[in-house]
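As recorded in Swiss-Prot:
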REGION    1-25  region 'Disordered'
COMPBIAS  1-10  compositional bias 'Basic and acidic residues'
DOMAIN    24-58  domain 'SAP'
REGION    67-136  region 'Disordered'
COMPBIAS  91-114  compositional bias 'Pro residues'
COMPBIAS  122-133  compositional bias 'Pro residues'
COILED    140-177  coiled coil
REGION    183-356  region 'Disordered'
COMPBIAS  224-237  compositional bias 'Pro residues'
MOD_RES   228  omega-N-methylarginine
MOD_RES   230  omega-N-methylarginine
MOD_RES   258  N6-acetyllysine
COMPBIAS  260-269  compositional bias 'Basic and acidic residues'
MOD_RES   272  phosphoserine
MOD_RES   281  phosphothreonine
MOD_RES   290  phosphoserine
MOD_RES   300  phosphoserine
COMPBIAS  305-321  compositional bias 'Basic residues'
COMPBIAS  330-342  compositional bias 'Basic and acidic residues'
REGION    383-436  region 'Disordered'
COMPBIAS  383-397  compositional bias 'Basic and acidic residues'
COMPBIAS  405-414  compositional bias 'Basic and acidic residues'
MOD_RES   414  phosphoserine
MOD_RES   418  phosphoserine
MOD_RES   419  phosphoserine
MOD_RES   491  symmetric dimethylarginine
REGION    674-740  region 'Disordered'
REGION    827-878  region 'Disordered'
COMPBIAS  827-852  compositional bias 'Basic and acidic residues'
MOD_RES   844  phosphoserine
């Protein structure tokens with residue numbers, strides 16, 4: 001384990017030299033595996049992984065491992081003796097604080113004959129004991145360093161003994177498993193020969209194996225202590241001799257010696273098997289191969305493959321055991337089992353399984369390339385299901401066979417089966433529940449925020465949804481209303497308001513102003529004073545109209561002074577205690593509420609705005625608040641209220657902020673920008689005529705005046721003004737203008753109703769007095785009367801028919817050129833014609849027709865009434 005170094009000077013402790021760069025990288029794979037097996041680390045994997053494990057061990061423990069000297073096939077090479085400060089590849093650390101320097105352990109006793117030459121803690125039998133460790137008092141080390149070194153040495157020795165103990169226990173378990181698998185009852189030797197109780201310093205008695213032991217391939221998880229390889233144990237006589245000789249000095253525990261001896265023989269087998277494996281390319285076709293070949297195969301086989309093979313072997317051996325037990329005696333069964341174990345199985349029972357060979361490529365990038373293909377390996381779930389079916393059939397057959405074994409044999413078989421099942425279960429990964437699997441496959445909040453487009457809506461519990469991405473998408477859509485917050489609360493909804501007193505309903509302010517509340521209270525007081533007799537009388541004959549309220553006041557309350565109730569915006573849900581929160585939207589900067597004014601000692605009322613706030617003086621000194629640049633503050637950047645003055649007296653508005661020239665700093669504090677303060681500058685009339693234009697002569701000006709006069713005399717040709725004599729005649733037969741009015745000269749043909757409605761100059765007439773007419777006879781009318789009202793005036797006020805609202809009178813084009821006098825005459829003629837038509841019209845025929853219809857209705861109704869009445873009279877009985 002130790003490399004050859006020059007002998008240290010006497011009196012100094014030899015410390016391990018630091019490893020050069022690439023120290024472990026230059027070793028061969030066999031050397032790396034040998035050194036990893038010595039420190040108890042896994043030896044499987046590629047060369048880069050082995051190097052990384054050794055470097056990690058060196059960093060964690062501070063122990064520098066030297067390159068091992070491997071023995072060849074001839075066995076003539078031997079490892080050099082360990083250095084003075086190193087024992088079995090472990091450097092001597094400095095002594096811990098507070099302890100004397102640790103003396104090197106005494107040399108171990110000579111090993112029994114037959115011990116391998118490569119045994120690290122013993123020495124070759126022909127060379128004698130090694131030279132004594134020369135460690136004097138260290139000169140360069142302080143007392144604290146020596147104490148620390150001693151503590152580290154003690155800890156390392158304890159760790160070695162603990163590993164030896166674990167290795168011995170594992171070896172015993174493997175031996176028991178092999179015996180159970182072979183199915184042979186091994187004759188138990190006497191106690192003095194078969195089992196030797198060896199009490200290790202740190203553990204109980206461990207039975208040392210006796211007889212040839214077939215090694216089994218074991219695949220242990222990473223980080224577990226690797227069992228030491230076993231070899232042929234020493235003769236029993238030597239063991240007894242060592243046990244019986246108590247006079248020899250301090251010994252290495254015998255269990256540790258056996259383990260290390262087996263490790264050496266195991267190392268030889270591994271070296272020879274690795275050379276053979278390089279030559280082999282085909283898979284092994286028999287199950288009865290040697291233990292060395294089986295172990296070399298299982299180095300690259302995973303745990304699941306190994307367990308599956310074990311189950312297959314177990315299934316094949318079970319029927320053989322049952323048949324042997326039923327046919328032969330126990331002695332014959334032992335012989336048959338020995339023969340069956342020695343002979344090869346038949347060719348029909350051979351199960352060929354293809355195992356891919358892992359290439360040994362010493363390339364640093366090969367590890368990453370290998371991991372990619374490991375992700376695409378086929379799963380063994382289908383094979384497991386197929387294997388479970390024959391297992392069930394075998395169990396059914398075995399239960400049907402009559403049991404002829406004794407109680408001891410059954411008990412032993414059940415123990416073996418249970419131990420096999422336990423061994424099968426241990427290397428498999430623990431089965432996870434569905435809940436744990438869901439938690440493992442669940443997104444984290446950070447991952448979900450990276451996957452979605454709107455990470456601001458992601459909440460803590462969104463990752464537990466069935467489809468988290470869809471949930472976040474729905475929450476991010478526009479106008480989506482969130483689920484109420486109380487869905488995840490422990491307490492029931494609105495149960496936190498139990499201790500809060502609910503105030504009675506209050507009328508809104510605009511209804512209170514009508515005074516209806518006081519009127520109802522007064523009415524209730526009166527009703528309370530009434531007697532029961534009067535109350536019962538009111539129930540029979542209730543009095544209405546007890547509360548008389550002005551309807552105009554009630555109308556104004558709802559249509560003039562009504563205020564909107566407090567509503568929430570879309571998507572704003574109610575939650576417990578929302579009404580008690582302060583609403584910042586109702587608060588405006590600059591407006592002081594009554595509560596704030598009372599707390600500041602300011603007056604409250606209609607003239608409260610004339611008292612300055614207490615922070616005005618500081619604002620005049622330091623400036624307006626930067627968060628509200630457009631806020632108007634009286635006395636700072638806007639004028640103070642009327643009848644107020646600047647000054648520092650009670651109710652004064654401080655000093656206006658001005659610069660050296662007297663100009664306001666922050667705004668119009670004096671109110672000079674108002675319209676009444678601005679002096680109106682009289683604009684001078686500017687001559688817009690082009691310069692140099694010739695002035696018009698007197699003749700041209702007189703011609704223009706004549707043209708204007710002629711334009712005034714001409715009638716309007718645009719069509720907006722209609723002559724008076726043809727514009728006021730209504731085709732319906734009723735005059736729209738009463739007689740006696742002066743006829744206007746010009747009439748607007750198109751009515752401007754929209755402009756008149758906007759101006760509101762004409763107010764509608766409230767009522768119309770109808771003239772009464774008296775007639776001598778009623779006539780044949782059903783509802784006739786001697787008093788008749790003249791409806792002609794009302795019909796004339798209603799105006800023209802709706803289909804003729806546009807133009808009242810159609811004029812021929814040649815009539816538009818007539819002079820105003822001719823139009824007036826034409827208008828009067830039309831008026832006379834209409835009056836004559838009204839007088840000529842007679843409604844007597846219409847009245848007679850209506851009366852005839854009414855008579856017919858009466859005749860039809862009379863016989864029906866008589867029949868109905870007589871029928872009812874007959875049916876009526878007391």
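The backbone N, Cα and C atoms fix where each Cβ goes, glycine too.
A map of Swiss-Prot features onto the structure.
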residue: 258; record: N6-acetyllysine; Cβ neighbours (10 Å): 27
residue: 272; record: phosphoserine; Cβ neighbours (10 Å): 12
residue: 491; record: symmetric dimethylarginine; Cβ neighbours (10 Å): 9
residue: 844; record: phosphoserine; Cβ neighbours (10 Å): 9
Comparing the Cα of the residue listed as 'N6-acetyllysine' with the Cα atoms of the modified residues 272, 491, 844, the shortest distance belongs to 272
In which DSSP state, out of helix, strand and coil, do we find residue 491 (symmetric dimethylarginine)?
coil
Whole-number Å only: compute the distance from the Cα of the residue listed as 'symmetric dimethylarginine' to the Cα of residue 272 (phosphoserine).
74
Please report the three-state DSSP label of residue 844 (phosphoserine).
helix
Using DSSP, tally how many residues of the compositional bias 'Basic and acidic residues' (260-269) sit in helix, strand and coil.
10 helix, 0 strand, 0 coil
Give me the Cα-Cα distance between residue 272 (phosphoserine) and residue 844 (phosphoserine), rounded to a whole Å.
145
What are the DSSP helix, strand and coil residue counts for the domain 'SAP' (24-58)?
26 helix, 0 strand, 9 coil
I'm checking region-level scores; what's the whole-number mean pLDDT for the coiled coil (140-177)?
83
DSSP, reduced to three states, assigns residue 258 (N6-acetyllysine) to helix
